[in-house]
Amino acid sequence: MDLDEWDRSRSRSLTRPHAANTRNHHPNSSSPITPTKQSSSQQNVPPTHPPKMSDLARTFAKTKLSSLPPEPLLTEDPEDDSSSASSMSSTGTVIPSSSLRPAAPVHWTSYFSQEFYLERESGTTPTGTFIPAAKFHVYLTPPVVGSKAPLIVLHHGAGSSALSFGLCAGEIHKLLPEAGILAIEARDHGSVVWNADGGVDANLDIDVLSQDLVDMLFLTQARMGWKALPMIVLVGHSLGGAVVTNTAKKGLLGNKLLGFGVLDVVEGSALEQLKYMETYLASRPKSFASLEAAIEWHVRSRTLRNPQSARASVPSLLLQKPDGRWGWRTELSTSEPYWENWFAGMSAKFLSAKGAKLLLLAGTDRLDKELMIGQMQGKFQMHVFPTAGHFLHEDMPEKTAEVIVEFVKRNDRSALVLPPKVSDLLAQGKKV
């Protein structure tokens, strides 16, 4: 703003009618409401005009204006949503403005370098145990060749998919480019396992899902030609958190496991929310006219609070039906017999499992008594994202990635620089 314009603006502000009169004009009215009648003394007062600035005042004002910073652009503040009381709270409907409506889907290549369908033929172990045929679906960004960086394995929640970690995986790779990232999909969520009769095996027992996770790791090793598995960090959201916890507790990865992280699920609140699950499933649409409509619903309903993540993950949740509409890939209601099996006893498993532990929550109210005691005893690392919804890795992918990478670096033993052995120093002729 130059000096003359500032002077004119000052003149207008001094001659503006009193605010009490201007408030009487309703913005939606076609004609102004008659202002309040002035007293006779007010009516006889002639209008005042601001005096012209003297040369000295203009010089002083010009000096002051030149030292001020430029006026900031006005921007609309994002909605401040601090709902974190429950994973069900993410289903309240808030219609975004047109500028927030998500665009077309985003391809998986934006976040991972490879996609595999890992096939396994049926067979029998030497002890006579039946091995079912399977086709496991995974996304991989392999670790840098020659590095000792760990492989971060990501397991989605119930009804979700590996691409729910898309944005987060991309951020992890930016922060820790030498590490590998493997996002897996459970059976009935993109992977398929067949029973001995050739039918689809929809057994979602927690022990079965844990073994599937390990099987996918070894099949990935075989596909990539790795001589051995790298060190592993497991990260799971919701149901995935229960799976990685159970895997760690059972010791299925032995000394290859560096640690595991659980995203927004604890036993107490998970079991409490199960009674509302049927109501939620009944309230959501059965199908969508297009993928864009499905993406928009997830954002409008506050199921996902990040339109970019919705574009990446929502298309993988759906399959096109013969009538052209898009329906859910996973029918969550059929998994009801396993809901309690997934979460019962999870807190005790989490605290007693070997390896470093990380817990990310969308609210401290999710902590049950057992975990509160463990947290006060320093048995695990905890972070809270109070402005995120249940899908915190989708709502806040950058922040989630930062916490995961910090957790990996803190516990990655390959990054430790140990002092030389005394015997080696003596052999080199050095004094100790």
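Yeah, the Cβs are placed from backbone N, Cα and C, and that goes for glycine too.
Feature annotation from TrEMBL assigns compositional bias 'Basic and acidic residues' to 1-10. Positions annotated as region 'Disordered' by TrEMBL: 1-99. Under the heading compositional bias 'Polar residues', TrEMBL lists 27-46. If you look up TrEMBL, you'll see 152-402 marked as domain 'AB hydrolase-1'. If you look up TrEMBL, you'll see SER238, ASP264, HIS390 marked as active site.
Put simply, HIS390 (active site) is 6 Å from ASP264 (active site) when counted between their Cα atoms.
Neighbours of ASP264 (active site), defined as other CB atoms within 10 A of its CB across all chains, total 26. The two recorded residues, HIS390 (active site) and SER238 (active site), have Cα atoms 8 Å apart. For the active-site residues listed here (SER238, HIS390), the lowest count of other CB atoms within 10 A around the CB belongs to SER238.
Mean per-residue pLDDT, taken over the domain 'AB hydrolase-1' (152-402), amounts to 95.
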